[in-house]
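Colleague: I'd like to ask some things about the structure below.
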Amino acid sequence: MIARFAPALAAVSPALHTALAPLLDHHAFAGWLSAPQVKELMQAGGLDEDALCFTLLPLAAAYAVTPLSHFNVGAIACGISGNLYFGANMEFLAAPLQQTVHAEQSAIAHAWLRGEKRLRALTVNYTPCGHCRQFMNELNSGTDLIICLPERSAATLASYLPDAFGPRDLAIQSLLLDEIDHAFAAAAWLDHDLSAPSPDDNDPLVSTALDAASRSHAPYSQSHSGVALQTQDGCVYAGRYAENAAFNPSLPPLQTALILMNAAGADDRQIRRAVLAERQNAPITQWPATNATLAALGCHEVHHLSLSL
């Protein structure tokens, strides 16, 4: 069993422990629970879904990477599919604070990358900050999203973000978690003084980055982008750009890829190479921040691919 789960698992009821431990122990566990698994755990613990999420919050918080604040926040996104997705805050040494990921962003991005279509609720162990409330308002569930906090009655996002400004005010039709595929194609490599050759078209890192960019959410700037990361063991993780109506709460594609890596139990210091794919001649670029943050994590083979329709 992964050691980081041990303290949280020790606090659950014996019946729930018996049902939960084998799931966490499985080599393929990657920070989310399928609807059948959720039902099994609810029955074992005699809990409804919201109560189960509160019980599981310490497991989500165990994913936190907090070398700066040492303040661990966990969140669980509840999809309409019945699946549950863990998220936690992530901080990166030697990178700007703006690269930090909040737990709520982590859980939402995790659900998005796993193919969830809509969220019913978000359970979190601390009150969401204003940044996260604005990020949540980009979702296709909008202000109907239910926020669940310990020792408080569940309430909608509308109650936490009154008089909200969001994509609907800008007549944006495509919302975060809506299914979309822009079908971008590779245009040209923009590799910057790399000694390593650019990947060929059959490289899974290229196809993964292309697909991620095609499914990214950038309705304001049209600067769609995606990232693919390959670790030392050969595993590949995708990340998509999630733009926000308020701009600043936008989540870069590198961060969403790191969220997926963290959920899978991978070490972000083991990234061997990466590809950033972004739209040709777009008004903004993810390149400087992506390259700098990956360098801080010890990855120096970062390829830059421009895209066309």
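Each residue, glycine too, has its Cβ placed from N, Cα and C.
As annotated by Swiss-Prot, active site, proton donor applies to E104, with the evidence given as sequence analysis. What Swiss-Prot lists as substrate binding site is N89, M90, E91, and the listing cites sequence analysis. Look at Swiss-Prot and you will find H102, C129, C132 tagged as Zn(2+) binding site. Among the features that Swiss-Prot reports, domain 'CMP/dCMP-type deaminase 1' is placed at 48-168. For 200-309, the entry in Swiss-Prot reads domain 'CMP/dCMP-type deaminase 2'.
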Colleague: Tell me, which recorded positions from E104, C129, C132 are within 10 Å of N89 (substrate binding site) if we use the C-alpha atoms?
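Modeller: Within 10 Å Cα-Cα: E104.
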Colleague: At a 10 Å cut-off from the C-beta of M90 (substrate binding site), count the other C-beta atoms across all protein chains.
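Modeller: Result for M90 (substrate binding site): 23 neighbouring Cβ atoms inside 10 Å.
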Colleague: In whole Å, note down how far the CA of C132 (Zn(2+) binding site) lies from the CA of E104 (active site, proton donor).
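Modeller: Rounded to a whole number, the Cα-Cα distance is 6 Å.
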Colleague: List the helix, strand and coil residue totals of the domain 'CMP/dCMP-type deaminase 2' (200-309) as derived from DSSP.
Modeller: 35 helix, 31 strand, 44 coil
Colleague: For the Zn(2+) site given as H102, C129, C132, which other residues of the same chain have their Cβ within 8 Å of the site's Cβ centre?
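Modeller: Other same-chain residues near the Zn(2+) site: A103, E104, Q105, P128, G130, H131, R133, F135.
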Colleague: Can you tell me how far the Cα of C129 (Zn(2+) binding site) sits from the Cα of M90 (substrate binding site), in Å?
Modeller: 15
Colleague: On a simple 10 Å Cβ count over all chains shown, which one of the binding-site residues C129, C132 is most densely packed?
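Modeller: Of C129, C132, the one with the most crowded Cβ is C132.
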Colleague: Return the single residue from the recorded positions list (E91, E104) that has the minimum number of other CB atoms within 10 Å.
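Modeller: Fewest other Cβ atoms within 10 Å, among the recorded positions E91, E104, is found for E91.
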Colleague: In whole Å, how far is M90 (substrate binding site) from C132 (Zn(2+) binding site) when you measure between their Cα atoms?
Modeller: 14
Colleague: Could you round the CA separation between E91 (substrate binding site) and H102 (Zn(2+) binding site) to a whole angstrom and send it over?
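Modeller: Pair distance, Cα basis, whole Å: 9 Å.
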Colleague: Would you identify the secondary structure of M90 (substrate binding site) according to DSSP, in three states?
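Modeller: Strand, per DSSP.
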Colleague: Compute the C-alpha separation of H102 (Zn(2+) binding site) from M90 (substrate binding site), stating it in Å without decimals.
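Modeller: Counting only the Cα atoms, the answer is 7 Å.
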Colleague: Quick check: which same-chain residues outside N89, M90, E91 lie with their CB within 8 A of the centre of the substrate site CB atoms?
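Modeller: After dropping the recorded site residues, what remains is A64, V65, T66, S69, A88, F92, T100, V101, H102, A103, S106.
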Colleague: What does the DSSP secondary structure composition of the domain 'CMP/dCMP-type deaminase 1' (48-168) look like, as residue counts for helix, strand and coil?
Modeller: 43 helix, 26 strand, 52 coil
